[in-house]
Ligand code: ATP
Ligand code: MG
């Protein structure tokens, strides 16, 4: 779990602004769920035989009432729970929702893999069509473009419907049983509980076996094939290249039909920056009236790493003014000057803690502010302030306190400009 220090946190906020605009431009609305949920929610939603539920959840007993609780490892389960609990889809029709925040998984920390990490989750609840799947994928492509990230590739697959998966599962188990000797411990354990998951093993020694395993796509019925086909037509229309990865099955149990991942080779083993798909069965599984749904989650840390690796830099927010002052009366006037600036929409840093004019001016310079507002004893007596441009040319000028904001606007935006936007 990491501290995100100011330099980095500013990058996060810059990024979050872009993300908010992006989500809004697709009509998605925010939802905020609690960080802690009852453990059974995740077991039911994600599946008992998954990495997350088997070994990654931070679970604990509430000392006050003995309830089993878990720090959320992902957001879909909570989002769907909230939608059911508050009748969102039933009363408001299909919902385009997003959330943003920390998730917790007890993993071995490494670059791009942390125990507290952050996700943007996007969920389209109550939408059944491949058009929604396509829109979700197109949204991602748009965000990569907005951020100038171009090192990502799209992989898609179809998991069909449960009956088709059951047939494939039987064939897969039969095949893997023939190759028992080549399986690792994890795979052997999952052979009869969750064989599909063996397909996305990261163990290099298993690659040859899983490569030759029966493919789900060969078990899809007509409707599933049509759904997958329609998605691909939309993607082609949108000019989004993609590769069908027959082994893409996703780590969570709740998916059906479309699954997808955006992957990069620039981040080593932690190459998946976004993953998602359709999960039509989940709402019912969590006790709601059956509703189709689809969504995805983006790993923020990985996306930021990738963005920065490609030269992305955030604009650092700087104040418009830094107010320096000397003497008691000046100190009091300084407060009024700083507040007057803020009232008119300027960002102002008021020097606190005393010190010589020289050292205060050094701080003003270091702050990145555009203008130093200088108040000495003379100025204080006259009810005036000095304005000294810190970036670029321009002599120091002195104006009455009442004329400060107008003079600031003149310095920052040129003299013809009236005030601040
Ligand atoms: P991985 O295969 O890398 O473990 P996952 O399939 O467990 O990923 P999801 O549950 O699909 O991941 O989560 C969606 C995204 O969240 C991932 O693609 C990744 O970008 C990010 N993510 C998942 N786990 C972590 C983590 N421990 N640290 C940082 N980011 C993570
Ligand atoms: Mg994982």
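All positions are counted from 1 along the displayed chain.
Cβ atoms here come from the backbone N, Cα and C positions, even for glycine.
Taken from TrEMBL, the feature domain 'Aminoacyl-transfer RNA synthetases class-II family profile' applies to 1-317.
Under the heading L-histidine binding site, TrEMBL lists 74, 75, 76, 105, 119, 123, 250, 254, 255. Within 10 Å of the C-beta of residue 255 (L-histidine binding site) we count 26 further C-beta atoms, all protein chains included.
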| field | For residue 250 (L-histidine binding site): DSSP state (helix, strand, coil) | value | coil
| said: Which binding-site residues from the set 76, 119, 255 have a C-beta atom lying less than 6 Å away from ligand 1? | reply: 119
| query | The record names 74, 75, 76, 105, 119, 123, 250, 254, 255 as the residues that bind L-histidine; what is their largest Cα to Cα distance in Å? | reply | 21
| message | Test of understanding: give the count of other CB atoms lying within 10 angstroms of the CB of residue 119 (L-histidine binding site). | response | 24
| request: For each of the binding-site residues (76, 250), count the other CB atoms lying within 10 A of its CB, then report the residue with the highest count. | output: 76
